[in-house]
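Read the structure below first, then the notes.
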Amino acid sequence: MATAGAAATDLEVVRGKRAALFFAAVAILLGLPLWWKTTETYRAPLPYSEISGLNALQLRLMVPVTVVFTRDSVPLDDQEKLPFTVVHEREIPLKYKMKIKCRFQKAYRRALEHEEEALSLGSVHEAEALLAEPEKQAEGSLTVYVISEHSSLLPQDMMSYIGPERTAIVRGMIHREAFNIIGRRIIHVAQAMSLTEDVLAAALADHLPEDKWSSDKRRPLKSSLGYEITFSLLNPDPKSHDVHWDIEEGVQRYVQPFLNRLSAAGNFSVDSQILYYAMLGVNPRFDPASSSYSLAMHSLPHVINPVESRLGSSAASLYPVLNFLLYVPELAHSPLYIQDKDGAPVATNAFHSPRWGGIMVYNVDPKIYNASELPVRVEVDMAQVMEVFLAQLRLLFGIAQPQVPPKCLLSGPKSEGLMTWELDRLLWARSVENLATATTTLTSLAQLLGKISNIVIKDDVASEVYRAVAAVQKAAEALALGHLSSAFAASQEAVTSSERAFFDPSLLHLLYFPDDQKFAIYIPLFLPMAVPILLSLVKIFLETHKSWKKPEKID
């Protein structure tokens, strides 16, 4: 009986050891890896190598230029060499990591019969009407017509002409170096109509160091999918002035045609409002000599903040908001004039603030006070007002007056207020700006994810990153081929996808849950199970070790 009981006890001990070893093996080989896998931070793979390669991206902006030579524009020997292609490339000297080169591909050919007839007319506008085929010209392309040196199409003192469409006219010459001399003139004209250092520097103002390229006047509106424009009439003295403005007619007649032409760069929404008892917040200075009031240039920045609080918050808007304010000064401060830095009155009596909008002071004719009781009825001249606001709108979008070469006649814009090549130039600038923004966003995101290992990278975030990288590469290729429309669309997609990835809220889910907190939470859960297993393993180890050291009994 004693032997049977001892055998049962030994069997129970062996069974307990095996159970302890089994539980330990399951916990270590299955439980621990399963826990580690289920609690790890999911990070979808990203194209880090391609993102780092974006820092060394070189942009080649190709502008296709078709050069058409009429009879007697160059010597006969040179005409026999037509057609052929000449490429002019130069690097834009900007202090930016992205190297930008402008490539003008000039395709020389002879004029067709209808082109000869049009260019033989006596008026450049008649010639343009016959030559105008804007629907056949691709975005970003230019056509330059070279006419005879003695042609009466241009004034005798003018060597070139830039039209409202994608066309220009340059005088030729009978000279053995005609192609070289005319080629330089064509480059100067083409640069004025497309890409200059100023245009690209303004587009990259947020990415360049603080120097002459990044002053406030060179900071146009940032590229966006849409813009909201608000026209506000400020009447601080309704007891004296009963102001009426036909803003709907003014917008439809003057602003909407401009926005329709600009629709390729984004969507626009326009609204208006009238604010009573809205003061500027700055006390104007009285000038006894002219019996008028004035606002000095240094006080203009202080005008915006008090007024902005009355305009309504733009925080809920997804797009940039442009404010255009028409201010009718109160009777006690009339007339009111804005002064420039030299103290002289500004001709338009208006000023604009980059990326915010503009303010115009509209003085009431003092003659109406004599024959009328207060409040006097004030009819706003919308043509005068909208002319100023339209000029400010051009400046806010970075559509400045081009720097034309010497002896160049510049045509004014059509009724839309925007020339076709100005729109192309804006799209060039916006494409470069979008690529710079997208590459900066992707690089910053890659650096952030590399430094903080517990940021979750979901599959949809990774897909946005891949889409942004592909769009950047597609836009760069389209720019190199001169396909402006597709390049701009791809650059917009690059910015949108990169910002969606960067600002995705899922990136912050585990940002404030570091590894030490993970162990602090799970150790109390695992400790009650781990202590018995560990004690059993220690006991088994000690017994096994003791049995090995126990000497064998010799009979």
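The backbone N, Cα and C atoms fix where each Cβ goes, glycine too.
Predicted, not measured: the structure shown is a model, and the values here were computed from it.
According to Swiss-Prot, the features are:
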- Arg15, Arg18: cardiolipin binding site (BINDING)
- Asn267: N-linked glycosylation site (CARBOHYD)
- Asn370: N-linked glycosylation site (CARBOHYD)
- 2-18: topological domain 'Cytoplasmic' (TOPO_DOM)
- 40-517: topological domain 'Lumenal' (TOPO_DOM)
- 533-555: topological domain 'Cytoplasmic' (TOPO_DOM)
- 19-39: transmembrane segment (TRANSMEM)
- 518-532: transmembrane segment (TRANSMEM)
Inter-residue Cα distance where the pair is Asn267 (N-linked glycosylation site) and Asn370 (N-linked glycosylation site), in Å: 47
Rounded to the nearest Å - Cα separation of Arg18 (cardiolipin binding site) and Asn267 (N-linked glycosylation site): 74
C-alpha spacing of Asn267 (N-linked glycosylation site) relative to Arg15 (cardiolipin binding site), in angstrom: 78
Number of Cβ atoms other than its own within 10 Å, given for Asn267 (N-linked glycosylation site): 12
DSSP-derived class (H/G/I helix, E/B strand, else coil) of Arg15 (cardiolipin binding site): helix
For Asn370 (N-linked glycosylation site), the number of other Cβ atoms found within 10 Å of its own Cβ: 7
For Asn267 (N-linked glycosylation site): DSSP state (helix, strand, coil): strand
Segment confidence, the topological domain 'Cytoplasmic' (533-555), expressed as mean pLDDT: 68
